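Quick look at what TrEMBL annotates:
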- 6-158: domain '2-C-methyl-D-erythritol 2,4-cyclodiphosphate synthase' (DOMAIN)
- ASP12, HIS14, HIS46: divalent metal cation binding site (BINDING)
- ASP12, VAL13, HIS14, HIS38, SER39, ASP60, ILE61, GLY62, THR136, THR137, SER138, GLU139, PHE143, ARG146: 4-CDP-2-C-methyl-D-erythritol 2-phosphate binding site (BINDING)
- HIS38: site 'Transition state stabilizer' (SITE)
- THR137: site 'Transition state stabilizer' (SITE)
Amino acid sequence: MKQDYRIGFGFDVHRFSRDRLLVLGGVVIPYEFGLDGHSDADVLLHAICDAMLGALALGDIGKHFPNTSQEFKNIDSKILLAKSNDLINGKGYIVNNIDSTLVLELPRLSPYISLMQNEIASVLKIEPDRISVKATTSERLGFTGRKEGIAAFATVLLTRKES
Ligand SMILES: C[C@@](CO)(OP(=O)(O)O)[C@H](O)COP(=O)(O)OP(=O)(O)OC[C@H]1O[C@@H](n2ccc(N)nc2=O)[C@H](O)[C@@H]1O
C-alpha cells in the first residue's frame, strides 16, 4: 500500500561568478554577480527538485539532469522543476507544500520572495501559500559569509493524488 504522505529534503550550493545572471526561484535578481553552473544555476530550484525526487527515493537531480549532458546546458531550471513535478505526478503524488531557506549575505532577497513563491507555484500548478521561501545570512561565517556563493535547503511534503 503506497503511503499517503512522503517527505523530502534537498540541498544545493552554487558559487558566485561574474558575467552570469543571478536567478533564484525562477526570478532574475539584479546583482553584480551571478551563479556558476551547467544550467542557469538556480540553486533554490535545484534544492526543491532534490527534495521532490528524494521524497520518493528517486535519486538526486544530478542523476536525472546530469551536468555532463548538453541537454541541460544553460537550461532554465523552471524546466527541471516541471520535469521533477512530472516524475512525482507519474508516481501518483503531488506537492502538498514546500519550505525552503536560502543562505547568503547579499543581495537582500526580501523584495523578491513573493515573486519566487508565485513562480514556483505557477510551475507546480499549486497555490502560492503552499510555497515558503526564506532567506538568512550566515552571520558572515563560512563560504556564504565570505560571499563566495549561495546555499539552499528545501523540505517538501508530497501527498497522494486524489484517485
Ligand atoms: C542542475 C544541474 C543540471 O545539469 O547542473 P548545475 O546547473 O547544478 O551545474 C545538475 O543536475 C546538478 O546536479 P548536482 O547533483 O547538483 O551536481 P553534482 O553535485 O556535481 O553531482 C553530480 C552527480 O554526482 C554524484 N555525486 C556527487 C558527489 C559525490 N561525492 N559523489 C557522487 O556520486 C551525485 O549523485 C550527482 O548525481
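Note that the numbers count up from 1, one per residue, in the order the chain is shown.
Placement of Cβ uses the backbone N, Cα and C atoms for every residue, glycine included.
Structure with TrEMBL features highlighted.
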residue: ASP12; record: divalent metal cation binding site; CB count, 10 Å: 23
residue: HIS14; record: divalent metal cation binding site; CB count, 10 Å: 23
residue: HIS38; record: site 'Transition state stabilizer'; CB count, 10 Å: 16
residue: SER39; record: 4-CDP-2-C-methyl-D-erythritol 2-phosphate binding site; CB count, 10 Å: 21
residue: HIS46; record: divalent metal cation binding site; CB count, 10 Å: 28
residue: ILE61; record: 4-CDP-2-C-methyl-D-erythritol 2-phosphate binding site; CB count, 10 Å: 28
residue: THR136; record: 4-CDP-2-C-methyl-D-erythritol 2-phosphate binding site; CB count, 10 Å: 12
residue: THR137; record: site 'Transition state stabilizer'; CB count, 10 Å: 13
residue: SER138; record: 4-CDP-2-C-methyl-D-erythritol 2-phosphate binding site; CB count, 10 Å: 14
residue: PHE143; record: 4-CDP-2-C-methyl-D-erythritol 2-phosphate binding site; CB count, 10 Å: 15
ASP12 (divalent metal cation binding site) and THR136 (4-CDP-2-C-methyl-D-erythritol 2-phosphate binding site), distance between Cα atoms, whole Å: 15
Listed recorded positions adjacent to ligand 1, that is, members of HIS38, SER39, PHE143 whose C-beta is under 6 A away: HIS38, SER39
Remaining residues near the recorded divalent metal cation site, that is with C-beta within 8 Å of the centroid of the site residues ASP12, HIS14, HIS46: VAL13, LEU35, GLY37, ALA41, ASP42, VAL43, LEU44, LEU45, ALA47, ILE150, ALA152
Per DSSP, three-state class assigned to HIS14 (divalent metal cation binding site): strand
Of the binding-site residues listed as SER39, ILE61, PHE143, the one whose CA lies nearest the CA of HIS46 (divalent metal cation binding site): ILE61
Pairwise Cα distance for ASP12 (divalent metal cation binding site)/ILE61 (4-CDP-2-C-methyl-D-erythritol 2-phosphate binding site) [Å, integer]: 10
